[in-house]
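The active site, proton donor/acceptor annotation in TrEMBL covers HIS155. TrEMBL lists LYS159 with the feature active site, proton donor. Residues or ranges marked as NAD(+) binding site by TrEMBL: GLY7, ALA8, SER9, GLY10, ARG11, MET12, GLY97, THR98, THR99, SER121, GLY122, ASN123, MET124. Marked as NADP(+) binding site by TrEMBL: ARG34. Feature annotation from TrEMBL assigns (S)-2,3,4,5-tetrahydrodipicolinate binding site to HIS156, GLY165, THR166. For 1-124, the entry in TrEMBL reads domain 'Dihydrodipicolinate reductase N-terminal'. Annotation comment: TrEMBL describes 127-264 as domain 'Dihydrodipicolinate reductase C-terminal'.
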Amino acid sequence: MKLVVVGASGRMGQALIRIISQTDGAVLHGAVSRPGSSALGKDAGELAGVGQLGVPVTDDALAAFVHADGVIDFTRPETSVEFAALAAQARIVHIIGTTGCSATDEAKFEAASRHARLVKSGNMSLGVNLLSVLVAQAAKALEASGWDIEVLEMHHKHKVDAPSGTALLLGEAAAQGRGIDLNDKAAKVRDGHTGPREQGSIGFATMRGGSVIGEHSVLFAGEGELVTLSHSAGDRSIFARGAVKAALWARDKKPGLYSMLDVLGLSSQL
Ligand SMILES: NC(=O)C1=CN([C@@H]2O[C@H](COP(=O)(O)OP(=O)(O)OC[C@H]3O[C@@H](n4cnc5c(N)ncnc54)[C@H](OP(=O)(O)O)[C@@H]3O)[C@@H](O)[C@H]2O)C=CC1
Ligand SMILES: O=C(O)C1=N[C@H](C(=O)O)C[C@H](O)C1
């Protein structure tokens with residue numbers, strides 16, 4: 001499968017180029033960076049430390065997409081929206097790992113998925129997707145006893161969105177387990193005299209610092225006891241491997257908007 005990596009000089013872009021170069025059935029067809037990037041014209045393999053791949057970094061996304069089978073995109077919301085339209089035009093697979101997208105962005109992805117096969121997830125790792133299934137089960141099982149749910153996350157100091165895509169994905173899983181809408185029940189920020197915790201709300205706490213790749217915990221707090229379900233990312237290759245797996249999976253699917261749970265065969269569990 002001929003894959004284009006957009007955001008090729010980013011943290012995830014680099015991890016993706018390395019994983020594609022090691023994956024049977026996948027080949028790096030194109031690498032796209034932003035106009036003016038210092039990476040333009042450089043060999044994508046050399047940039048990612050895997051030796052020459054014969055793929056120069058370009059800023060011409062459409063030309064890169066034309067003869068490709070898929071694009072893997074961990075960039076920025078506004079950029080992913082643009083690439084979704086181009087991928088739909090080229091009728092290719094589009095894997096979106098970008099987080100921090102608005103409801104308007106999501107509607108544009110939905111529209112693009114009428115023509116393209118899109119897989120989008122706030123976390124492409126197997127571990128987090130399994131965790132989301134466990135969180136939904138725990139949220140349901142502990143509902144009658146009225147246990148409170150809090151989602152805690154920490155990431156590196158460069159991260160620009162909060163709560164993380166993963167925290168929101170885990171919050172959605174908890175909400176699904178409780179049969180509620182996360183938008184009605186999320187407490188994303190607390191500051192000052194907040195009053196007591198609203199019964200049935202799902203709280204979020206965000207920490208940023210250093211080079212932390214991704215730490216997530218979902219806390220279930222009852223009277224006198226606490227259950228914690230957590231995931232720790234040791235390396236960005238876990239996300240890159242998931243994204244490449246998603247691209248290979250989506251290749252023969254009908255146009256539509258899929259999740260990582262679909263790719264992993266876990267959607268019926270949630
Ligand atoms: N779903 C998942 O499993 C995961 C999701 N993520 C998400 O992926 C996204 C990227 O993360 P990360 O790699 O750490 O961030 P980086 O900032 O390191 O990488 C983003 C890259 O996108 C590039 N970019 C921005 N606009 C364009 C454009 N118009 N054309 C081409 N390239 C562009 C940036 O270029 P420039 O530097 O020049 O601006 C940058 O190189 C974030 O939203 C993050 O939350 C991250 C890890 C896992
Ligand atoms: O920005 C990151 O780095 C990460 N972003 C994703 C998120 O927002 O949850 C996934 C992962 O935790 C790393």
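Using the three backbone atoms N, Cα and C, a Cβ is placed for every residue, glycine included.
Everything TrEMBL records as a feature, shown here on the structure.
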residue : record                                          : DSSP (3 states)
GLY7    : NAD(+) binding site                             : coil
ARG34   : NADP(+) binding site                            : coil
GLY97   : NAD(+) binding site                             : coil
GLY122  : NAD(+) binding site                             : coil
HIS155  : active site, proton donor/acceptor              : strand
GLY165  : (S)-2,3,4,5-tetrahydrodipicolinate binding site : helix
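Looking at GLY122 (NAD(+) binding site) and GLY165 ((S)-2,3,4,5-tetrahydrodipicolinate binding site), their Cα atoms lie 4 Å from each other. In sequence order, ARG34 are the binding-site residues from ARG34, HIS156, GLY165, THR166 with a C-alpha within 10 Å of the C-alpha of SER9 (NAD(+) binding site). Checking Cα-Cα distances from GLY7 (NAD(+) binding site) against the recorded positions (ARG34, HIS155, LYS159) with a 10 Å cut-off leaves ARG34, in sequence order.
Confidence for the domain 'Dihydrodipicolinate reductase N-terminal' (1-124), expressed as mean pLDDT, is 97. Cα of THR99 (NAD(+) binding site) to Cα of LYS159 (active site, proton donor): a distance of 10 Å.
Residue counts for the domain 'Dihydrodipicolinate reductase C-terminal' (127-264) under DSSP (helix as H, G, I; strand as E, B; rest coil) come to 51 helix, 36 strand, 51 coil. Counting neighbouring Cβ atoms within 10 Å of each of the binding-site residues (SER9, THR99, THR166), the lowest count belongs to SER9. Taking THR166 ((S)-2,3,4,5-tetrahydrodipicolinate binding site) as the reference point, none of the recorded positions ARG11, ARG34, HIS155 has a C-alpha atom within 10 Å of its C-alpha. With a CB cut-off of under 6 A applied against ligand 1, the recorded positions ARG11, HIS155, HIS156, THR166 are reduced to ARG11.
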